[in-house]
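Everything on this sheet refers to the single structure shown next.
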Amino acid sequence: MFHRLLNKSKILACDDKSVNDYIINVKNLSFFYSKKKVIDNISFRVKFGEIITILGPNGGGKTTLIRILVGIYKNYVGLVEYAKDFTIGYLPQHFSVNSLIPMTVEYFLNSSYTNRKRKLGVGDVLKDVNIEKILDRQMSEISYGELQLVLLARCLMLNPDLIILDEPVSCMDINAKNSFYKLINKLISIYNLSVIMTSHDLHFVMSNSYRVICINKSVYCEGSPSEIVKNEKFLKMFSSYA
């Protein structure tokens, strides 16, 4: 699964002051695999229009947290509150294309949703994501960076309020990473989006995030990039950052 359409009003929606002006409010969240605790008492909020990056080591709970937020994992302990009537688009870290099934990029996008779910057509998002030139190519032949753009376009067809991306630039070169982050900033303005990303790219994170949350099972520190780089817990977790 590489996206998820969620109408959170059907799961949990609150009107009280605790979620006023916030799209997601997480309180005292914990999660266990069997008897092993992998998320430990995490709390944070996401405001409308923010770019939030979640940093942490491998095995620190980033992907588990993301899967809770998008509704894949439900047997958690704690509270996750959502604003009413909003849609989440989700891109996981890994997505594979079956090379034995011929499918052009254009066909893939057009066949992605029923008319009921689709809020925008392929033509509405092509120019914004800059994939017009690869519509006739096979999905199995495009590069990783191009695949991420196609999946992002597919996500935007839902006209989501929030997009969640798990390590979206992990296999891109420096130029591609820079272009992708610039695109995300542009899309926030065009589509009035909020964004949550996980990442290991500290330097790109610091220049492309409104807020950074560092986790290793629990939240170690949280704040703006300028605040985070001075935080002793951040410096201890990422001792190689300079």
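Sequential numbering from 1, following the chain as shown.
Keep in mind that glycine also has a Cβ here, set from the backbone N, Cα and C atoms.
Taken straight from Swiss-Prot:
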BINDING   Gly56, Pro57, Asn58, Gly59, Gly60, Gly61, Lys62, Thr63  ATP binding site
DOMAIN    24-241  domain 'ABC transporter'
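Overlay of Swiss-Prot annotations on the structure.
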| residue | record | Cβ neighbours (10 Å) |
| --- | --- | --- |
| Gly56 | ATP binding site | 22 |
| Pro57 | ATP binding site | 14 |
| Asn58 | ATP binding site | 7 |
| Gly59 | ATP binding site | 11 |
| Gly60 | ATP binding site | 21 |
| Gly61 | ATP binding site | 23 |
| Lys62 | ATP binding site | 24 |
| Thr63 | ATP binding site | 20 |
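A Cβ within 8 Å of the Cβ centre of Gly56, Pro57, Asn58, Gly59, Gly60, Gly61, Lys62, Thr63, the residues given for ATP, is found for these other residues of the same chain: Thr64, Ile215, Asn216. According to its DSSP assignment, Thr63 (ATP binding site) is helical.
DSSP gives Gly56 (ATP binding site) a coil state; it is part of no helix or strand.
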